[in-house]
């Protein structure tokens, strides 16, 4: 079992340290994964409209609420997709998410990316003149979207609001304009992408970090961090799996961590926490040699998003910058 640790958000609510991620899960795999996870002790589920599997999660929730857990015992996060950053579409998407899940509220609702798409033409609207590109809405600013999120919180349909994939500059813009600090910033976080400056800033202003892709990411053709010799060595020493070591690395840094799996054995083993000593933590941290490596960069998506979000080398060719305020 996990250590059962919960971490406090700036709202006073708590978020379980280990959760189940549902990104990159194939159709018809998520229903059983969520059911297995909840039956084996998980109480934190991470979802999103763009994962196109929330209806499956809803079916799983019907199997475990109230027979295994009460609704109040679960911490459920979902995310507002880019095509719904404008006020009317945002509430409509939230209502659709709640309908898919069969719930009356979410514990946490995040702005999935600091990028808006033109609404009304599907989840990834094609650009009218540039083939292979998404149609960005460059008028709706991050602050506009954040004000919409603040209104959604006032409806009672979400208990807390936050962001995902936001940088220091993006978060600062929201706080400066509204005074409302996001409860969470969910980011790609693993030993090869430590983002120490962002982590320090979030700590300073009271934004909790949730780590996605804690094991690395296998959709870019690079080996997973679970294959790293040092990670394997630490795992062997602790009688743990490499995945457990990488999850423990995130927990050591104060994150909540949301490993994704649809395989029963891995779902269960990922939840069996181990603790890293300072020495082992430092060993795992040292697997980053040279520059950080980010796997999830939207300018490389198909269709591509022609926007510079993180100032990565790959993004230097982007035409557009984030409209913060």
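Placement of Cβ uses the backbone N, Cα and C atoms for every residue, glycine included.
Automatic prediction, not curation, is the source of TrEMBL annotations.
Within the model, the domain 'NADP-dependent oxidoreductase' (17-287) carries an average pLDDT of 97. Annotated domain 'NADP-dependent oxidoreductase' per TrEMBL: 17-287, in sequence order.
Feature annotation from TrEMBL assigns active site, proton donor to 51. Around residue 51 (active site, proton donor), taking its Cβ as the centre, 21 other Cβ atoms fall within 10 Å, counting all chains.
Residue 79 (site 'Lowers pKa of active site Tyr') has a Cβ environment of 26 other Cβ atoms inside 10 Å. For 79, the entry in TrEMBL reads site 'Lowers pKa of active site Tyr'.
Positions annotated as substrate binding site by TrEMBL: 112.
Its Cβ taken as reference, residue 112 (substrate binding site) is surrounded by 21 other Cβ atoms within 10 Å in the chains shown. Straight-line distance linking the Cα atoms of residue 51 (active site, proton donor) and residue 79 (site 'Lowers pKa of active site Tyr'), rounded to a whole number, equals 10 Å. Rounded to a whole number, the distance between the Cα atoms of residue 79 (site 'Lowers pKa of active site Tyr') and residue 112 (substrate binding site) is 5 Å.
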